[in-house]
């Protein structure tokens, strides 16, 4: 069964998924691909209100900057960061990862016409590559935009595309790997965090990739332009030095850092603290260090070269920590610690280096003189050496990478081309010339004298303004130390402070001599001894920039260009944020509106006949479903039916070649014919609205076509499905009837056999086990066990148990005991230590009082407490008198005097050794457990009890009569503490006790309606207590 699937991929492109045989195609369509047919740019036009148009050329109001920016906004909101202006690619930095750069996407753009897929950096890369192969012309891709717009990432994506899609052999794969791995190395040594970009390239880079006749990359060459050496010694607040310094400190192994004399703390180095930004959340220096070390190996660096390279990097950090002191006019180095490290790392003599860092050589009349440096001059000399060492090492590094990429590289000679504006570079009168002249002239030259000279020389230039030359309104926004260049994209102000210092790129001669004597093989290549014999003054930074830019333009002018314009959506590096003011400024200075107007001067849309006809043929009855004639006739019929006006479109024609028919040079004729051939087979549409109307009509037509196709297909598929289901149902029903019949017969036979065996067993149930009754006996056993399983006792108090058959009596008893043991074990396992202690007390109480004391049943459900008196209820003097004795139980009691039986409120305290009766803060009586003879209590519900003590004990005054509301709990506690469980006497009628001095007292107990304790006429203590339980 065939199925049509449509997929929308993250680039905004719509593709048709492959069919049963791995191919997708339409009748008359020449585009066939195993991964699906790519629907062209027109597919996205129906969603233009939401996602904008993929080519700005298709904007109806193409002269409106607001419409241009709104289209950018729509696409940016939908994560569609690429848009065309004809063949120019506009890229907006998304500041997040997008799933549009994997290998599947690369294959989707490989070898496909530029406009047949949605805009992408891969489309530009592939188009340049195919143009190079088919046209045999060198190509270049120019990526422009401000810092943070994504230029570096765009160049990476292009390299990755070539590495994956180009043909490869073992040698070619090595070149590919080195091309890719050159990026992290160059970024580590040439990129840094700035206020606008966490990975800003601080040097210009031109990368040339060479391909063989098969289209495989076989070599490459990198040219670097003007590394920002000043960043080595100074960074603005919030910025960092070059990445490699932080990567080395953060990721370097402990042995490596120890060998280089470095600490794992960037705050220890003067060259790394000026920006006050050692850590960046978006940068993982440790991970980047591992990547750089791996990349150096892939590129071809051996261990010695890596070691010497890292020695130089470490030496720059040590140079920054060289501190100066000394008297006025003569600087000296305050500590030789850094000099020792520098001498070892750079391979130079420490004393010679110290001399060079504090003195300079002056040649006068052929004689060399040594002059001491003051503090400022010495610091400048140190910084100049640091910049020179790092800058030349970076140049060496680029050359080393070029050697690893070289494939018989030969520099190409290019013709000169003047491109810099005369205002900047004109000889003798341009800004660069005036700056160089001011740097070279004797006297007190300063940044302000340079500005004054600019005003004198360029004061009448229409594009040059200073505070002095400006009108009153402009002076309010310009400083006195600024000048302004009025560019086509807007006004740019320059502050002259530091211009002369930055332009002078001087290194004292004696410092060069020291570096030329270095034993470090890299430094010997960076500092050529021939420099020492060259008497010419080194070029200034501005002159170097001018020369480098001219060389770059020479290279670019020799190649066919493709353009990528990168745009930064906001200054805060946030994904999803679209700063319209910032973007409008970039659109202006990148000249995108001018580019669009030039492109729209012709036709907004062009397509080959077969592609146009294949897409829109369903809109005309004459061309649907297939056109059998010439393609050009079919397109003419179609556009007439659609009502195109003559001024809205043009058909490619062959009239332009008629004048060549009489030409005698057939080779020339063939070449011209091949040049015009692509334009003869295309239709050109001038206005976007014409294309939009056609696309909207197609979208409407699709619904009608889809309805017809669905109706026909559903009818056919449902009929076929019904026929299959019917035949299948008949076969299944016949088979299933047979299965059911066989099952029923089998069950009947089994049932008859079971009944027969059961009846025989019942008849012979009282006989010994035999074949006739074994089934019945087994069934009886099984039934009992099944019943037992369902009716097991629920807890230890449940004594129920099913009655077993005679044959299982013994087994049933064993099972009952095992079940009870298991329940008891399970119950005990769940008991906590506290509850166990409670149960132990309850068991003792039961043993003493059960069926003996009338109020015992009421005490059973009540928990025994550890004490009935809290610490605050006991007088502190009592606690102090007890000392180290630990109180185990305390309860309020009523004590009856021996004379008159007057009731007194007391407290009974139990310790480990004695029972103590307390009156407020006094210990009235202490009864040692060893001296306690016994305890008497009545069988009624009263709470009186008597503690019997020896009559001959002089410490005691006689037996103690007490009353407690918790008599069961209190007596149980006393019995446990005193170990007198068997010494508690429960009397039925009366209790005799010793009053003192050999006299006896009697307590009479009688049952009554309420509790009453009084002294009887006979002198006895009379206790009346109600009965709570009948016995």
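We number each residue from 1, going along the chain as drawn.
Any Cβ shown, glycine's included, is placed from N, Cα and C.
All annotation found in TrEMBL is predicted automatically rather than curated by experts.
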Inset, instruction - Examine the ranges 480-502, 503-525, 526-548, 549-571 and name the one recorded by TrEMBL as region 'Actin-binding'. - result: 549-571
Legend entry - Shell list (ATP; ref centroid = CB of 145, 146, 147, 148, 149, 150, 151, 152; cutoff 8 A): 93, 197, 566, 568
Inset, instruction - Check the binding-site residues 147, 152 for other C-beta atoms within 10 angstroms of each C-beta and report the one with the most. - result: 152
Inset, instruction - Can you tell which of 145, 150 has the least company, meaning the fewest other C-beta atoms within 10 angstroms of its C-beta, among these binding-site residues? - result: 145
Inset, instruction - With an 8 Å cut-off on Cβ-Cβ distance and a minimum sequence separation of at least 6, pull the same-chain contacts of residue 149 (ATP binding site), or say none. - result: 91, 93, 566, 567, 568, 586
